[in-house]
Amino acid sequence: MSFKREGDDQSQLNILKKRRVSDLLSNFIPDDEATLMKNGRYSCLVCSHRPVFDTVDMLVVHRKGKRHLEGMKWFYGKKNQLRREIDKRRHQDYVKAEDDRQEPSSSAPLLTQTRKITHHALLRTVPYSSCHKKASERSESSSKEHRNDLANSHLSMRTESNDSRTTVHQGPSEVKGEAKKKKKGASTLSSSVCEPLTEQRRRELDHYLKLKSSGWLQDRSGKWVKDENVEFDSDEEEPTLLPPCSESS
């Protein structure tokens, strides 16, 4: 039989709720399988039609019935499915967070590009790239060859100048000996152009240095062209040629 409360005293209602909760705990009924309603009755949360009982004893008898046991299978099957779905979502979120940590951030492409440039700069050899364009390779190689030709021509002129200075101080026999030793070395100008030979070399060196200081550059074919970074006073398209040496009497 059910307990009926008389009056509206809040203390009596609290005492009644406390006693009914104690009854639930004493019968080992989980909180997610039954609940205490506001009117003091018990409701079964396992069954889909939510039956209501006046006392705990009636709820215990209902829980032993066949219909309730079938409902428990469906109830816990649904609960386990929900738990597996939650675990699956958590695992997916965890994997996604780990992938985002490992991959570089797309919000900072400049930082990523800077790291790649720094990495390639520290390498001893240039890494192979199948996407590298052949035209760029040709332009880079031609520019390197142009710079190497300019450096070699300047070095050869300096070598010729040093040879001309040492030749002035040496005697005729020493000059012949040095000429035989350096016969396979740097190319020399023909002695039939003008006399003496050392004076012609010095004039060519002075002319070369004068053109370089004026802003002229020598390309691979030996032609003089204007430097784009230098301002010229006149509109001359070609530099002044080296005047021929006057014949000695």
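Our numbering is plain: 1 for the first residue shown, then up by one each step along the chain.
Each Cβ is built from the backbone N, Cα and C atoms, and glycine gets one as well.
Residues or ranges marked as compositional bias 'Basic and acidic residues' by Swiss-Prot: 94-103 (among others).
Residues or ranges marked as compositional bias 'Basic and acidic residues' in Swiss-Prot: 134-149 (among others).
Swiss-Prot lists 230-239 with the feature compositional bias 'Acidic residues'.
If you take every residue in the motif 'Bipartite nuclear localization signal' (4-20) and average the pLDDT, you get 68. Taken from Swiss-Prot, the feature motif 'Bipartite nuclear localization signal' applies to 4-20.
Under the heading zinc finger, Swiss-Prot lists 42-74.
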| query | What parts of the chain pack near the compositional bias 'Basic and acidic residues' (94-103), using Cβ distances under 8 Å and only residues at least 6 beyond its ends? | reply | none
